[in-house]
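Before any comments, here is the structure.
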């Protein structure tokens with residue numbers, strides 16, 4: 001029987017799907033699989049972040065304290081508007097609740113912006129980048145002993161006359177840009193890393209620093225505002241009716257007013273203090289990180305002056321608060337393209353990124369399957385990209401080395417991606433697959449273009465084939481990736 | 001051999017990739033090194049490559065420029081509690097679109113005919129300009145390993 005063109009008998013047969021996991025639930029058909037919802041990049045993001053609203057909102061993993069912040073602000077403001085404002089707007093002016101309202105919306109807006117936006121996360125290096133960097137480092141250092149982690153790699157650059165050391169991040173496999181730092185809570189490198197703030201449930205970095213600053217500034221105004229007018233309220237009432245009477249008159253209000261005052265009193269000191277500290281940081285163009293480490297001295301003429309400062313306070317402030325807002329580099333809502341990483345085009349980057357991230361998320365066995373998928377997609381993509389009318393005669397045999405470069409590289413036993421994930425199981429997985437094809441040369445396997453599923457119609461005389469297939473399949477976890485690789489396997493092994 | 005962008009996808013196999021790193025000598029602004037990578041020696045004229053990188057650097061400098069218009073944008077955004085970003089595109093984003101168009105243009109006119117391909121740095125976290133070098137499949141007997 002010839003695969004590819006499709007002969008009569010094959011078309012008429014019904015093929016049952018191979019159960020690829022023990023629970024024997026049917027796999028989706030390849031047609032449906034090809035059109036199934038492609039994953040967005042946030043779903044395979046390697047950092048420890050939580051995403052909401054289909055990738056639009058990004059937060060740290062621990063968000064409990066953020067909810068506390070929300071509750072505190074809402075309750076305090078709510079009590080103020082409910083109990084103090086009616087009296088004050090009557091007695092003094094209705095502008096008080098108006099201003100209070102504006103402040104409140106500003107606080108909430110900036111808080112949500114700070115918490116939900118990307119602080120400036122740097123995406124992890126693609127495998128090719130990582131390999132290139134490793135190569136350059138090895139050239140620079142000479143060979144290091146295997147298995148032993150070499151001393152931290154640094155690169156020195158001169159910025160505005162100041163020598164700055166760039167550190168190599170082992171997690172993200174990049175040299176961190178100046179002022180970037182790796183947040184251990186979120187497991188990301190963040191540009192212009194300030195600090196990780198549990199109160200807003202996110203890191204504070206380049207992209208959301210101005211929102212953070214506006215938040216604490218407006219919050220200090222709000223707390224001072226509420227505190228002042230709550231006190232005013234009590235004073236006015238006590239003037240009217242005497243202090244004790246004032247408290248007696250409104251027994252329901254008394255605990256709330258008191259609570260409000262207490263909360264505000266403590267908040268005022270901490271929030272105002274924090275605002276003052278960050279105002280200082282902005283005016284000298286430093287991050288909290290740098291200030292804590294004492295990286296730069298403030299005095300002019302000293303050796304370690306701050307190379308990022310613009311020289312005067314006004315410019316520093318304007319640059320931090322009103323400067324251009326750089327875009328998010330992690331493209332949370334983009335789709336992971338099923339193209340091979342090797343093929344040309346702007347989608348290349350997206351592919352590599354998505355594939356890298358999905359790889360780094362998996363355990364060894366899954367990495368095996370994932371790298372298998374790379375190989376197969378590398379071979380299969382010329383078919384996928386063109387119309388389905390391309391027959392499998394065009395499909396190169398895996399034994400031949402004329403498959404596109406990385407594919408052949410894999411069959412030669414190099415792990416994929418190179419060096420950043422030395423994974424012996426990937427080699428063994430591949431060498432398992434290739435002999436499978438060569439051993440059972442005579443057996444017919446259908447291409448997925450013809451059969452809606454991997455062949456259930458394995459010839460009865462090939463229990464070994466079946467078990468071999470099952471062996472490969474048993475390596476896989478119960479996700480859709482191994483289904484792709486099985487289909488790819490089938491494609492490759494068709495003659 | 002002369003390739004078109006589409007032909008590259010079908011007939012060429014990826015030989016290697018070259019990475020043009022960032023140049024931090026001016027601070028944290030986005031600039032790329034104009035040093036000519038030795039791997040491109042035989043593929044493209046030095047002057048064309050440097051021209052491309054310099055133009056890209058110019059674009060990024062324009063995007064990150066701190067001046068009157070950026071202050072205005074920043075103040076306006078602050079005044080609206082940053083809600084204006086929901087409807088308006090920032091200046092940076094506009095320049096990024098220009099950059100993307102420029103890169104595609106360069107790829108079609110200059111790089112693809114020489115078997116090279118530029119990747120937009122935005123897709124690499126603004127860390128590198130990735131240049132993919134392709135070998136023509138029919139010209140090399142066996143595939144080249146990456």
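Start at 1 and count along the chain as shown; that gives each residue its number.
Cβ coordinates come from backbone N, Cα and C, glycine included.
Taken from TrEMBL, the feature compositional bias 'Low complexity' applies to A:19-28.
Per TrEMBL, domain 'Palmitoyltransferase DHHC' is recorded for A:165-293.
Annotation source TrEMBL lists region 'Disordered' at A:1-39.
Residues or ranges marked as transmembrane segment by TrEMBL: A:65-83 (among others).
If one looks beyond the transmembrane segment (A:95-112) by at least 6 residues along the same chain, the residues whose Cβ comes under 8 Å of a Cβ in the stretch are 69-70, 73, 77, 80-81, 85, 88-89, 200, 211-212, 214-215, 218-219, 221-222, 225-226, 229. According to TrEMBL, the feature transmembrane segment maps to A:95-112 (among others).
What TrEMBL records for A:211-236 (among others) is transmembrane segment. Outside the transmembrane segment (A:211-236) by six or more residues, the chain places 73, 76-77, 80, 84, 87-88, 91-92, 96, 99-100, 103-104, 106-107, 110-111, 113-114, 117, 194, 197, 200, 204, 243, 246, 257, 260-261, 264-265, 267-268, 271-272, 274-275, 278-279, 282, 320-321 with a CB less than 8 A from a CB of the stretch.
Per-residue confidence over the domain 'Palmitoyltransferase DHHC' (A:165-293) averages 85 (mean pLDDT, predicted model). Secondary structure of the domain 'Palmitoyltransferase DHHC' (A:165-293) per DSSP, as helix, strand and coil residue counts: 77 helix, 19 strand, 33 coil.
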